[in-house]
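Per Swiss-Prot, ATP binding site is recorded for 45, 52, 53, 54, 98, 101, 106, and the stated evidence type is sequence analysis. Summarising the annotation, Swiss-Prot assigns Mg(2+) binding site to 198, 212. What Swiss-Prot lists as substrate binding site is 263, 320, 321, 322. For 9-243, the entry in Swiss-Prot reads domain 'ATP-grasp'.
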């Protein structure tokens, strides 16, 4: 779960990380009032869950209240398209209005989950305000990565070493060490998968300040992060993803045309891999879970079919806790309810498989059965692309 910049900065402020003075505005009038508090000279930032706002016109430096209001009229209640949003863009429901802070130099600092090592990793660079991956490619010596031993944690001597790498000394080194340790505490206590400051700036007054902030919370930890869950902005999610979340269905929209309905995250990922191996493009990741009942399968199938990009469906079910005949009944009910004419290829294994197969073969719907995953993936790809 991603946080908005203003939410991330609010969180950082609690942990003693310096941030610019700012105000949240949800209307043109509130934007004008916020700008007036800074005598009209401020930065107006669109709040969306994507980067690239500056180049897309979502961040503007203004010198008057009228300019701030004009920016608000252009951005609020509209969608902002950036390099990271796709063509559909993201809805702008609020603006962060901040003081203008003169900056002497910019750095980069983040803590993220290194999934390859199964550990947290600190990433730092004396070059901030830019894409860290681009910096790592062009000048790898300008990027320091520190893998954190979970039994040791991030210690003060680690923080001091990173501060030296950033080129800081004296009071700024001490301030940077404090920021690094506070950021690590925030990461752990909020079950975050990413906390990022880009840029971490040294102001012309010689102070350290987080000019931009990014935080992502582990979705699996939201049950114990009640406040973070309350900060969820559903306007930043695809409508079908919101609907799926309310039904406890794991659904992620993708760019392909083959809808996938699977039980179990591992099996779902294997299904996507097999589809790609066979030349197909999945339209979604959809995991109904191991204990789904017929009603949940019906809702999952309806969500899948409401994506206009879906041209065919691949169903891959392992009947352990779930019975294949109940899944078959759910598929048939859902397809009949929505009047589905799309080709559907089903592969099932496990409890009451033969009964499920019999039910599907008796229906008049465009459903075909395959015994293996590779055969099922190949079948749906060939139905949609006969030349494949």
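Yeah, the Cβs are placed from backbone N, Cα and C, and that goes for glycine too.
The substrate site in the record is lined by 263, 320, 321, 322, and its two most distant CA atoms lie 10 Å apart. A straight line from the CA of residue 320 (substrate binding site) to the CA of residue 52 (ATP binding site) spans 45 Å. Checking each of the binding-site residues 198, 212, 321, 322 against residue 101 (ATP binding site) by C-alpha distance, the shortest gap belongs to 212. Residue 98 (ATP binding site) is surrounded by 23 other CB atoms, counting those within 10 A of its CB over all protein chains shown. A gap of 36 Å separates the Cα atoms of residue 263 (substrate binding site) and residue 52 (ATP binding site).
Of all the Cβ atoms in the protein chains shown, 24 others lie within 10 Å of the Cβ of residue 53 (ATP binding site).
Here the candidates are the binding-site residues 198, 212, 321, 322. The one whose C-alpha lies nearest to that of residue 98 (ATP binding site) is 212.
Note on residue 198 (Mg(2+) binding site): other Cβ atoms within 10 Å of its Cβ, all shown chains, come to 22. Taken together, the residues in the domain 'ATP-grasp' (9-243) have a mean pLDDT of 95 on the 0 to 100 scale.
Looking at residue 322 (substrate binding site) and residue 45 (ATP binding site), their Cα atoms lie 48 Å from each other. Each residue contributes its Cα atom, and for residue 106 (ATP binding site) and residue 198 (Mg(2+) binding site) those atoms are 8 Å apart. Of the candidate binding-site residues, 198, 212, 321, the one lying closest to residue 45 (ATP binding site) when CA atoms are compared is 212. Cα of residue 212 (Mg(2+) binding site) to Cα of residue 53 (ATP binding site): a span of 12 Å.
Counting other Cβ atoms within 10 Å of each Cβ, the lowest count among the binding-site residues 101, 263, 321, 322 belongs to 321.
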